[in-house]
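Some features that TrEMBL has for this protein:
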type: BINDING; residues: 50, 51, 52, 53, 54, 95, 144, 189, 304, 305, 306, 314, 336; note: cyanocob(III)alamin binding site
type: DISULFID; residues: 63-106; note: disulfide bond
type: DOMAIN; residues: 257-334; note: domain 'Transcobalamin-like C-terminal'
């Protein structure tokens, strides 16, 4: 619940609700409780029960509400950044590093930490920004399309977006790929960036000056595509728990333009019905949690990785990604 409650509190602060200190105070107390539970429940593992991403979101949300955070809580994130614990095997740490740096910047800007700790937070910010510049992909992204807005918020918050050429390259890449942001949670990450804002601006909002002119919009329906496509679906297990590496390899017919989630459903409907899967609803859309009866377990730090046949990780979830005819999609049980 750490990350979900943190996002809710950030959203609540951004909507400028009528003053009701009692209910907000209760939510803040719950978030502090979850931060402690998140860490205490996994002390022997050396990492939060959820993830450093959610843990950082919790600190950022508390700061946005101008609530002090215990120094020990902040130092856990500092130590993780210093020892490169944000980065998991085979993946990028851009989004986690960016959220942590936004939290660090907020704590210093709101003067919620002592001067010595503030100096350490500034040093961590510089290290992360330097890594982001060095590791930007040729396509302009920091990590992938979804972690890029987080990274760009770091440059906005530090007022360095105008002097960093990497920022302009990232913005150009984002503008070419806005159709990837179709879920409310991902839209909430990219919209502030398009207006030159970061989540830190939530903490300094003057609600009495907000005009409240937001109006709902209806997204345009996707063009209807006719015909059938064939997608090769492969399931692999790279963990010792599996007796063999490749567990499934079949061609799956699906309607042209179908999402990966539709392809999985088509595979499950195929005779002899030997393909099974399960998803869990999250703020970012359906999340693949089980394939062929093998569950991705957070306590074992395992997850179902989505890749193409070139071993490239997909940049969208199962509901957003739309394979093309002849594509190969690999579902691989991996560790993070």
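Here the Cβ of each residue, glycine as well, is placed from N, Cα and C on the backbone.
Curation plays no part in TrEMBL annotations; they are all automatic predictions.
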Out of 52, 304, 336, which of the binding-site residues has the smallest number of neighbouring Cβ atoms within 10 Å?
336
In Å, how large is the greatest distance between any two Cα atoms among 50, 51, 52, 53, 54, 95, 144, 189, 304, 305, 306, 314, 336, the listed binders of cyanocob(III)alamin?
23
Output, ordered by sequence, the same-chain residues six or more apart from residue 50 (cyanocob(III)alamin binding site) with a CB under 8 Å from its CB, or 'none'.
2, 3, 38, 298
Binding-site residues listed as 54, 144, least Cβ neighbours within 10 Å:
144
In sequence order, what residues of the same chain, 6+ apart, have a Cβ less than 8 Å from the Cβ of residue 306 (cyanocob(III)alamin binding site)?
260, 288, 313, 314, 317, 318, 321, 329, 330, 331
Under 8 Å Cβ to Cβ from residue 106 (disulfide bond), same chain, six or more residues apart: give me those in sequence order, or none if nothing qualifies.
60, 63, 64, 112, 200, 203
Enter the number of other CB atoms within 10 angstroms of the CB of residue 63 (disulfide bond).
27
Within the domain 'Transcobalamin-like C-terminal' (257-334), count helix residues (DSSP H, G, I), strand residues (E, B) and coil residues, in that order.
13 helix, 30 strand, 35 coil
